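Novice: Handing you this structure, nothing more for now.
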Amino acid sequence: MVDTALHPIPGRRTPPHPRSTLPLTTPPAAAELFGDNLDKAIAYHESLATDGSVRGFIGPREIPRLWDRHILNCGVIGEAMEEGISVADVGSGAGLPGIPLAIARPDLKIILIEPLLKRSVYLGEVIEQLGLDNVSVIRGRAEEKAVRKQVGHVDVVTSRAVAPLGRLASWSLPLAKVGGRMIAMKGASVAEEIERDAKAIRNAGGGEVKVFTVGGELLDEPTTLISIRREK
């Protein structure tokens, strides 16, 4: 199912950087997506390309593709989220999708969940360097009781293909409030995963399932999302 009635991104204003003055490596779509926060997006790109690569979070082959395959395609998922809601990012890694989402949507309150110490330390550094007051980090695994207690119940739980769909639902849906959603970035095989893992999704409390794309006006390849509503 393709959902075309997506939520407009609140607060997006005229990009502060004329296209002719953007750094050569910054695509025009970044100015349209991040608006007044473009400088933060550029700083995050620089951090991933340098510090993130040195620390082993980003492979050398991914550096030329950071904007299109990582930052922009994560930032556009905000199109599927209402204004002012709470979001948890499961298995955040180097901050994807949580950091681009936070930059594009400063109205959201975002919790990054990451089990590895070196990555959670990096996330804390990025949050401080970019001045992202709407973001916090919890070190741990989403399925741990202590993490669930810290997070509480949020409106949306997001992730970026960190596990098969059934397992991902078992980690994500318990963090969402009843009526809330998990919204995961997935690829072309998502329909097969839905059929294969239908029982696991139901057991995790999942109900209505939607598959749709976002970013069609900005990206050459729109981002595919699966949304599962928590019903119990």
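FYI, residue positions are counted from 1 along the chain as it appears here.
Quick reminder: no glycine exception, Cβ is built from N, Cα and C everywhere.
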Novice: For the S-adenosyl-L-methionine site that Swiss-Prot assigns to Gly91, Leu96, Ala142, Glu143, which of the candidates Arg69, Arg160 is also assigned?
Specialist: Arg160
Novice: Would you give the longest CA-CA distance, in whole angstrom, between residues of Gly91, Leu96, Ala142, Glu143, Arg160, the set recorded as binding S-adenosyl-L-methionine?
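Specialist: Result: 19 Å between the two most distant Cα atoms.
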Novice: Long-range neighbours only, meaning 6 or more apart in sequence with Cβ under 8 Å: which ones does Ala142 (S-adenosyl-L-methionine binding site) have?
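Specialist: Once residues fewer than 6 apart are set aside, Ala142 (S-adenosyl-L-methionine binding site) is near Ala88, Val90, Gly91, Ile113, Arg148, Val151, Val157, Trp171, Ser172, Leu175.
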Novice: Least buried of the binding-site residues Gly91, Leu96, Glu143, Arg160, going by other Cβ atoms within 10 Å?
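Specialist: Minimum Cβ neighbour count within 10 Å, taken over the binding-site residues Gly91, Leu96, Glu143, Arg160, occurs at Glu143.
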